[in-house]
């Protein structure tokens with residue numbers, strides 16, 4: 001297995017960086033552009049394993065799509081809600097957004113569509129969304145455990161109507177259903193039982209739908225109404241830089257007491273993970289925001305924090321990776337759902353922090369990290385891109401941190417380590 005050793009710095013970082021387009025926005029834009037009537041162009045689109053699996057699935061479904069990675073541009077010809085292919089065998093890799101969004105998309109078709117992924121993807125929950133699709137007219141045939149891949153969707157259009165679903169494990173299922181709802185045969189209302197995890201991602205979905213011409217009426221945090229007959233309009237759409245992936249560069253400034261500026265990303269971003277800036281501010285960082293960049297300057301000493309990260313749970317690993325350098329303990333709460341991601345992220349973080357000699361307490365939905373010295377070690381990444389990217393930041397402060405399987409970042413940020421090392425050279 002390949003490894004990368006992170007060079008520890010004896011100085012603060014001082015750099016300006018550019019981050020590729022958002023994975024979450026790229027895949028949402030691909031779906032709504034495929035449903036729109038006419039040609040859309042996505043600028044600053046992300047080219048990674050996740051987005052390429054998504055594009056391949058659209059191509060198999062008969063949506064004409066042209067990828068230009070050198071320009072970070074994707075062109076596709078939307079078919080106005082039609083799914084041209086009547087049969088397809090679709091592979092989603094380890095991409096949760098592809099799995100959920102494509103499953104919802106094929107429910108609008110009239111045919112037979114099999115979906116499968118890598119072994120870990122077969123363990124990730126799909127059931128609530130599939131129950132809605134079945135109630136709306138589809139038939140789902142599971143080859144193994146009910147509610148999990150692989151399965152075949154037999155579809156004849158989505159009826160719409162009133163649905164109740166749980167969203168305590170992932171918000172991606174609700175996002176998928178929201179995006180297909182304008183093409184239902186009647187108005188659709190989704191009511192969420194209990195607390196909706198990652199609400200910020202639902203808000204991002206609704207904002208992107210509005211950018212393409214469709215309104216979602218939200219009542220409180222738990223009810224969403226979509227009028228039937230609305231149609232997405234083809235767009236020339238620029239994807240924002242990925243706020244989740246920018247978090248590692250901002251964390252580098254925080255942990256070294258340095259300065260990092262990320263171009264073309266601002267506090268006005270529609271991505272919920274821009275709230276990472278608020279976390280860093282509470283820990284003692286200074287934030288400078290302009291109309292075309294955001295800049296973080298780290299303090300001499302990071303402060304501990306007790307924080308609910310339900311809405312920004314993709315950043316748990318980023319915070320955990322810098323937590324040992326704080327002046328007091330860091331407690332991360334309300335993130336049980338991250339146990340169902342690319343790996344059990346709570347367990348993985350706890351295991352690797354302990355490998356580094358850090359004292360950490362694990363609970364079902366939270367963890368508490370004590371500050372203290374770190375022992376160099378090789379970090380297991382569990383095929384999880386965010387483990388590799390986050391613990392690289394730890395290595396800036398401690399010599400001898402080695403990241404195993406750095407290629408796993410290809411899922412959302414193929415050239416992460418190239419850009420990370422370029423930041424260090426500035």
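Any Cβ shown, glycine's included, is placed from N, Cα and C.
Residue 314 (active site, proton acceptor) falls within a helix when secondary structure is assigned with DSSP. Among the features that Swiss-Prot reports, active site, proton acceptor is placed at 314.
Sequence-distant neighbours of residue 172 (phosphoenolpyruvate binding site) (same chain, 6+ apart, CB under 8 A from its CB) are 96, 97, 100, 101, 201. Reduced to three states, the DSSP call for residue 172 (phosphoenolpyruvate binding site) is helix. Sequence annotations record features per position, and here Swiss-Prot assigns phosphoenolpyruvate binding site to 23, 96, 124, 172, 345, 386, 411.
What Swiss-Prot lists as 3-phosphoshikimate binding site is 23, 24, 28, 170, 171, 172, 198, 314, 341. Of all the Cβ atoms in the protein chains shown, 25 others lie within 10 Å of the Cβ of residue 171 (3-phosphoshikimate binding site).
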For 3-phosphoshikimate: widest Cα to Cα gap among 23, 24, 28, 170, 171, 172, 198, 314, 341 in Å: 19
Residue 171 (3-phosphoshikimate binding site) and residue 345 (phosphoenolpyruvate binding site), distance between Cα atoms, whole Å: 17
Neighbours of residue 198 (3-phosphoshikimate binding site) among the recorded positions 23, 124, 314, 386, 411 (Cα to Cα, within 10 Å): 314
Other CB atoms, at most 10 A from the CB of residue 345 (phosphoenolpyruvate binding site): 24
Alpha-carbon spacing, residue 411 (phosphoenolpyruvate binding site) to residue 171 (3-phosphoshikimate binding site), which is rounded to whole Å: 19
Spatial separation of residue 124 (phosphoenolpyruvate binding site) from residue 341 (3-phosphoshikimate binding site) - C-alpha basis, Å: 7
Residue 314 (active site, proton acceptor) as reference: those binding-site residues from 28, 124, 386 with C-alpha within 10 Å of it: 386
